[in-house]
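Contents: one structure, followed by commentary.
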Amino acid sequence: MSIRSLAYMRIEATDMSAWREYGLKVLGMVEGKGSDPDALYLRMDDFPARLVIFPGEHDRLSVSGWETANAAELQEVRDNLSAAGVAFKEGTAEQLQDRRVDELITFEDPSGNTLEAFHGAALEHRRVVSPYGHKFVTGEQGLGHVVLSTTDDEASLRFYRDVLGFRLRDSMRLPPQLVGRPADGKPAWLRFFGCNPRHHSLAFLPMPTPSGIVHLMIEVENSDDVGLCLDRALRKKVKMSATLGRHVNDLMLSFYMKTPGGFDIEFGCEGRQVEDESWIARESTAVSLWGHDFSVGMQP
């Protein structure tokens, strides 16, 4: 496939100071530099920024950025979008400068989520040393994974699988009532897609959210780093969304917490890596092997 990894997220924010505290003091990222003096550029590795937070009137996901290997692979994305009748725009000079890439295109999925595909990122070779000593699991696996909200799970399945070429790794059946369908109606599906060895880089939930994003997963190297982040979050009174647990599909050991933007970050380790030649996509019938009590997120 042409798309290789989730490379960056651009997030509009109403409280930049809260995001600065959260990104640097809770997540343990390192501040980078960029062309927008008002934006916060958060580094995890040699990418110029994996998260870009910029001020605005809303708290929402603005763009998810997806990396291709070269100009030929980006052209494949263009060709596939054109064949499917999906409009796209070429990146402006300002966008290319801000993302520090050679080329990019912008387009929307069937639910209106904005995506960018690009190639030729200019890496930043100043070492990233987290103030808390941990390293993020990125490289060919990219930033992590993102769960987007969708208004049509069937259309999203066709778009990401058939147009963009993502590989379906797992599915989870949800009660139809969860998305406003009758009890005897079609089930809703939570789909998990991969584009590299990470079990999934993308999933979508058929439920609208104010921010357009359900959660973003960030992975570190070991369970101590997860526990230390949990301690930092609790000390800073960050609202928890789910307790520590281990998922059944990607085996991630993680907890969930709220961001200043209202969506969740899953902070975890030990995520499963797969090989497409031998992987068999199946249906998961549980969320976690243990833990992940999401009721804590519903408490006042």
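Just so it is clear, glycine is given a Cβ too, placed from its N, Cα and C backbone atoms.
Remember, predicted model here, so these are calculated numbers, not experimental data.
Features reported for this protein in Swiss-Prot:
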type	residues	note
BINDING	His145, His215, Glu266	Fe cation binding site
BINDING	His200, His215, Asp250, Tyr256	substrate binding site
DOMAIN	5-120	domain 'VOC 1'
DOMAIN	142-270	domain 'VOC 2'
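Using a 10 Å radius centred on the Cβ of Asp250 (substrate binding site) and all shown protein chains, the other Cβ atoms total 25.
Neighbour list (His215 (Fe cation binding site), Cβ cut-off 8 Å, at least 6 residues apart, same chain): Val146, Val147, Ser241, Tyr256, Phe263, Asp264, Ile265, Glu266.
Neighbour list (His200 (substrate binding site), Cβ cut-off 8 Å, at least 6 residues apart, same chain): His145, Arg169, Asp170, Phe192, Phe193, Gly194, Asn249, Asp250. Between the binding-site residues His145, Glu266, His145 has the most other Cβ atoms inside 10 Å of its own Cβ, all protein chains included.
The DSSP secondary structure for Asp250 (substrate binding site) is coil. Residue counts for the domain 'VOC 1' (5-120) under DSSP, helix first, then strand, then coil, are 31 helix, 44 strand, 41 coil.
Tyr256 (substrate binding site) falls within a strand segment according to DSSP. Using a 10 Å Cβ-Cβ cutoff, Tyr256 (substrate binding site) registers 23 neighbours. Following the DSSP three-state reduction, the secondary structure of His215 (Fe cation binding site) is strand. For the domain 'VOC 2' (142-270), residue counts in helix, strand and coil come to 28 helix, 53 strand, 48 coil, using DSSP.
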